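Below: the structure, in structure tokens.
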Amino acid sequence: MKAFSVTCLGFAVFSSSICVNINILQQIGYIKQQVRQLSYYSQSSSSYIVVKLLPNIQPTDNSCEFKSVTQYNKTLSNLLLPIAENINNIASPSPGSRRHKRFAGIAIGIAALGVATAAQVTAAVSLVQAQTNARAIAAMKNSIQATNRAIFEVKEGTQQLAIAVQAIQDHINTIMNTQLNNMSCQILDNQLATYLGLYLTELTTVFQPQLINPALSPISIQALRSLLGSMTPAVVQATLSTSISAAEILSAGLMEGQIVSVLLDEMQMIVKINIPTIVTQSNALVIDFYSISSFINNQESIIQLPDRILEIGNEQWSYPAKNCKLTRHHIFCQYNEAERLSLESKLCLAGNISACVFSPIAGSYMRRFVALDGTIVANCRSLTCLCKSPSYPIYQPDHHAVTTIDLTTCQTLSLDGLDFSIVSLSNITYAENLTISLSQTINTQPIDISTELSKVNASLQNAVKYIKESNHQLQSVSVNSKIGAIIVAALVLSILSIIISLLFCCWAYIATKEIRRINFKTNHINTISSSVDDLIRY
């Protein structure tokens, strides 16, 4: 009994519905690689995060003086001072200076921007617009500074202004504060210096672009993740309401941050986060395929299908996703990039091999195998497939386009010198004998196309030559036909002349004979008349 593996999101209501047949496609070198859920996103709102860069340390019984904190504070001030000055230059141009421009009533320091594109000027406008919220958040800096909580909400009345985060505070609370009275000051200082040094290294890496110009270089959420430390998932969940995991959103880079204010005295940084709106399209899957060469009609070929398709229910489209962000389980796009597929391509995806189109290939660097869920799918007619455990060569019959090698076939496989351990069984319970016509193979490579064009041009030249020869023959036949027509006409005229002559002769003969008869009768009458005259005289 044959078991088909078909992906189709919706229920097939009509018998003509088309779904992707994974098993059949795998047998011709078109292997499913990844399936992702399609979602759309747009930047719609903003949130603010207050990052407290200097942790609070509880006082100890022996009144330790931590020199590492003082040195860390000094180094951090040197790091953040250029950023703070740059933000102040952009957000607060000097009153006497006329070198600034207004966007909707907002004054921007053009000199601080330098050479800026439209997008960079827009970022500067956003930075200036955020100053109102930044000042409201900074007004509550004392409450933020006093707390030793790793994360908490900054509220003004009932309105949430921001989320305060102390990335290293969580480690201080859970490890350092519990050991303050059990270790010597030197050991605690060294341990704290290690944590602060590592965190400072991350900050230097994160904010290196912002040292030039924070308005022109927004920080990505990946860099912000280093800034937030272990509090990143909690911050993401607090700022973004979605069922998609924080790891997926962060890895896609959908959230970007921009430093809008730096409070050097308190070592606090206010970061504006652009929060996307994410909508997941139901019943929409984006399937990635990996094509390897196959043995078709005694030559190495590759199937002509897109590397990525979109399937909604029983309909398929090509989906390039050039402007989308991909994660392991999701694909985030700002708009639909679907492109129509021909009916033949859809039939091929459904497992109708007679509708598939292949292209012949040549060369030694073609993709000829792929690992699939612990098994290997390979074109063993174009590369050497040797099983080492047990030891025997793997032969691919002529009627098989590729070979699927699983644990029942081989345990250790060598492909052109590369060794692989097979750890799984194949889920394909059957293999069809493929029959593919020669008309299904076309050339798509530029070199092959030019070769085929040369053949076509040669055929056209031969055709032109034959046409000229045929025209010459036709012209000869035409001249001979004219001469023949003249001869025939002459013969006809001659025959007509002879017939007319014969008729004239016959008529003359008859007329002469009639005249003689009439003359004879006339003479006879004259003789009788003279005889009568003689009798009368007597």
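The backbone N, Cα and C atoms fix where each Cβ goes, glycine too.
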Disulphide partner cysteine [Swiss-Prot] for C387, chosen from C380, C385, C410: C410
Recorded disulfide partner - C324, candidates C333, C348, source Swiss-Prot: C333
For C348 (disulfide bond), the one of N73, C333, C380, C387, C410 that lies nearest, given that the recorded positions are compared by Cα: C380
Of the recorded positions listed as N352, C356, C380, C387, C410, the one whose CA lies nearest the CA of C324 (disulfide bond): C356
Neighbour tally for C324 (disulfide bond), based on other Cβ positions within 10 Å of its Cβ: 22
Three-state secondary structure, which DSSP defines for C385 (disulfide bond): strand
C333 (disulfide bond): secondary structure state under DSSP, collapsed to three categories: strand
Sparsest Cβ surroundings (other CB atoms within 10 Å) among the disulfide-bonded residues C348, C356: C356
Sparsest Cβ surroundings (other CB atoms within 10 Å) among the disulfide-bonded residues C333, C380, C385, C387, C410: C387
